[in-house]
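Have a look at the structure below, then the notes.
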Amino acid sequence: MRLLEVTDTLFRSLLILFIDAVLAKRISWIFTLKNHFTSWLQYGDTLYSNGISDELTNFFLAIVFLLCSVAVVMPPKQLRILGLLCLPFVLSVAATFVFVRRLNEMVYSYHPWNLRLLCLKCFPIPMLCLLIVFICFRLLPGAIAPPVPVHPDGRYRRLHYALRGFLGSVIIFLPVMLYIDTCVKADRIYNRLLAQKSPLQSTPMVCSYFHVMKSRSGNYLTQAVLQHHSECLYVFSLSNHLSRDHFRYIPELFLVALLFLIALAFICEHLHCQLMASFEEQVRRFLNETFDYVADHWSRLEVPSVFLCFWLIKLTLVIILGQASWPIDATAVEILSRATDEKGMPIKHTLNFTFLSAYANESNLAVTNVPYKMFSRFLTGALAIGAETWTSVYGAAVFVGFLSGIVVNVLAFFVDPLGVNIAQLIETAEAEPVAANPWIPIDEQLTTNEHIEVTAIELLNNTGWSCVVLFVFLAIQYDLPNLTSHQRIFCFTHLLIIMGFTCVYPVESLVKAILLRLGLPGSESSWLDHLIPLLFCGLMLGLSGCVFIYFPIWLSYLPHTGRGYQLLGAKTAAGGISAYTGYAQRLRTYLCGGQLLLDVSCTIFEYVIHQAHRKWPLWTGFTTLLAASRLFNIFVNYLISLLSVFVILWLIFYESFGVCRVFILVVHVFFVLYPATCRGFLWLRTQFLLGGSLAAIPSPTADQLVAYADDCPICYGAMTTWDAKLTQCGHIYHTKCLSQWMRRRPICPMCNTDLFAASVGR
C-alpha cells in the first residue's frame, strides 16, 4: 500500500513538472523531439513530407497541458478512467503517424501496384484500429459504467470469460496471421513471375521482373538498370498510384474516420452521459460541502508531499543537466558583468553572484572543476530556477516549511536535549488547554503561565505551515516569478532570512516556557537546565542586534523591479518608488528585530522575578511586576502590529495598489488588530468598573453572615465580616474570590445578576 502511495505521489509530481516546464516556457525540448519525429515520418523526397507544424504542436501541447492540470487533482480510479479516455485518441494519432510513414515509404518505392503489398506495408495499422475499437466498446464502458452483478450460474460466468479471452486473442493474433498470409502470398507471386519462360515479352513483365529482383535483393540491380527502366518502373509502381490527387488527403481522412469511430462509441455506449453525471455529482458535492470537499481532496492528494517531490525532482534535474537544458535569462548575466551603472557609479552586490555567472558560462569552466560546477548548479537551481513559476514557488514554499520544521526541532533538541521539559509542556497543553476568554483574556495572560506553555507547543507544531503560508504571501507580494534571475536570488534570500526569524519565535517561546517552570538552580533544578536556555536568550539578543546593524545595509542593495521593484542599473521610477520601498523594508526589519529584542528582554526579566519569588515566597511585589511586564509586552506588540498596517498602507498609497497587499491588510486588521483592540478596550473598561464596584459593594454584618451561613460559595471557605462582600442580589462571597470572579465574568455566580449594573445602580 505504501508503494502505491509513493508511486501516485511520484506520478503527480512528474505531471506538475511538465506543467511547470510549460509555464516557464522551457519547451524547446518538445520541439526538438518534434523535429526528430518529423524526420522519421519523412522518407526521402516524398509526397507527405510537411510533417507537423509549430501551430499544430502548440495545439497538442495546450491539450496535454490541460489534461495534466486535470489529472493532478483526480483520484486514482478517475485517473485510470481519464487515461482510458485519452488512450483511443493517442492510438488514433499514432496510427495516423504510422500510416503517414508507410505512405512515404510506398511513394518513394518503385514496387508494382498490388493490394496485398499495400496491406503488407500497412501491417501495424489494423492492429491499432482493433485496439481502439476494443478500448472504446469494451474497456471504457466497463470502467465508467457501474459494475454488473455476476450471474450466479457458473456456466454463464465461464462462457463470459471464454468470450473475453477469445476477443483478446483475436485482437492479438489476427493481425499477425494476416501479416504472415500476406507475406506468403506475395512471395508466391514473385516466384510465379520468376518462373515464367519469357519475362521480356512485354513491358509490364520486364518491370515486374525488375521489381521482383529488387524486392528480393536490391544488390542485383545496378543504378544504370534502374535509370534505364525508371519510366517503366514508375508507371507500374505504387508511387504512381499514390501520387495522384485523390490519394493526397488519405492521412487526414484516416484520422477523421478514427475520430468518428471514437465518437460513435461514446454515443452508442452512452459514455458522455455517464461522464456528465459524474461531473455534476462532483460539482454538487463541491457546492454543498465546499470546505469538507477541499479538505478531503487535500488530504487524499497529499498536496504538500506532491509539491515537495516535484521541487526536489526539478532541482535534481537542474544539477544533472545544467545550463544546456535549464538556461537562465541573459539580462541577469549582462547586468552582473557590469562594474558601474548608467551614471558611472560602482554597483555594489552584497551577495556573491559568481555562482550565477559560473552557471551561465559553465561551458568555459575547466573539466576538472566539477565540484564547483555542481555547487553553482545547486545554488542557481534552488534560488533562481526553483522559483521561476508559481508552481515552483509553491514547491519551494513546501520545501522551506519542511526545512523550517527540521530547524525548529533541532533547536528545540539543543534547548531540551532530554525532552523532559517538552514532554511536560505537551502534557500540560493536552490536560488543561487555555481557551479564549470572551470577557477578559488579558487578565489570564498577566498572572498565569499556562497560555505561554500552550502557545509554545502550538508554535512548535505549526511552524512548518506558518512558514509555508508566509513564504507564499511574500512571494506573491514580491511577484517572485516575474523577476530576473539575480533579482529572484536577492528576494529568495530575503525570504529565507524571514523564514529564519519565523523559526526563532517558536524556540523563543519554548525557552520562555522552560525558564518559567524551572526552580531554584542547585536545589530544585540543575544549573545546566538554566544555562542552556539563558545561552539561547543571549544568542537571540545578538541576533536582534545584527538585525538592526547589518540587515538594513543588505536591503539597501536589494534590486527592484515590477510591482514595487525596479531593475538594477535602470532609471529610477517617477515619484521615488524605490525609495519608498527601501524605507518600508527597513522599517519592517526594525520592527522584526525590535519585536524579538522585546520578547527576549521580557523573558529574561520574568525569569529573574520568578526566581526571586521562589527564593522569597512572601515577596508581595511579584504579581505586580509580572503583570506590568506582560502588559508592557502586549502593548508594544500591539503597536508593532499597528505599525505593520501603516507600512502596508504606505506601500499601497505611495507605490502600487496590489491585490495581495490589500488582502494582507484586511486579514491583518480583522484577525489581529480588531480582536486585540476589542480585548484591550474590554479589559480597560473592566479595570475601571472593577475598582469602583468592589468598593461600592458593602460588607455583611455579623447577623447577615450568620443568617446566610459563613461559607463562601466559590471557595467553600469560612468568611468574616472584614473579608466578605454582600451583593445587591443577596449573596455573600469572599472579597478576593469575588474580585477574581468579576475579572473573569462580571455577573453573580449564583443568579447571574450583572454586578457592575447593580453597583452603578446602588
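Cβ coordinates come from backbone N, Cα and C, glycine included.
TrEMBL entries are annotated by machine, without manual review.
Computed over the domain 'RING-type' (712-752), the whole-number mean pLDDT of the model equals 79. Feature annotation from TrEMBL assigns domain 'RING-type' to 712-752.
Sequence annotations record features per position, and here TrEMBL assigns transmembrane segment to 56-74 (among others).
Taken from TrEMBL, the feature transmembrane segment covers 81-103 (among others).
Sequence annotations record features per position, and here TrEMBL assigns transmembrane segment to 123-140 (among others).
Feature annotation from TrEMBL assigns transmembrane segment to 161-180 (among others).
Long-range Cβ contacts of the transmembrane segment (249-268) within its own chain (Cβ-Cβ under 8 Å, at least 6 residues beyond either end) map to 48, 88-89, 92-93, 95-96, 99-100, 103, 129, 132-133, 136-137, 140. Residues or ranges marked as transmembrane segment by TrEMBL: 249-268 (among others).
For the transmembrane segment (393-415), the list of distant contacts is 16, 304, 307-308, 310-312, 314, 382, 386-387, 422, 460, 463-468, 471-472, 475, 480-481, 492, 495-496, 499-500, 502-503, 506-507, 510-511, 514, 532-533, 536: same-chain residues at least six beyond its ends, Cβ to Cβ under 8 Å. Summarising the annotation, TrEMBL assigns transmembrane segment to 393-415 (among others).
Residues or ranges marked as transmembrane segment in TrEMBL: 463-480 (among others).
The transmembrane segment annotation in TrEMBL covers 492-511 (among others). Within its own chain, the transmembrane segment (492-511) has Cβ neighbours under 8 Å at 351, 383-384, 386-387, 396, 400, 404, 407-408, 411-412, 415-416, 422, 425, 452, 455-456, 459-460, 463, 466-467, 470-471, 474-475, 478, 480, 533, 536-537, 540, 543, 551, 555, 558, 592, 596, 599-600, 603, counting only residues six or more beyond its boundaries.
Long-range contacts of the transmembrane segment (531-555) within the same chain: residues 350, 411, 414-417, 494, 497, 504, 507-508, 511, 514-515, 582, 585-586, 589-590, 592-594, 596-597, 600-601, 603-604, 607, each at least 6 residues beyond the stretch ends and with a Cβ under 8 Å from a Cβ of the stretch. Annotation comment: TrEMBL describes 531-555 (among others) as transmembrane segment.
Sequence annotations record features per position, and here TrEMBL assigns transmembrane segment to 631-653 (among others).
Residues annotated as transmembrane segment in TrEMBL: 659-677 (among others).
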Feature contact check the transmembrane segment (463-480) with the transmembrane segment (81-103), CB under 8 Å, 3 or more pairs: no
Secondary structure content, the domain 'RING-type' (712-752) (per DSSP, counts of residues): 10 helix, 8 strand, 23 coil
Intrachain residues whose Cβ lies under 8 Å of the transmembrane segment (56-74), provided they are six or more past its termini: 12, 15-16, 18-19, 22, 27, 30-31, 34, 82, 86, 297, 301, 306
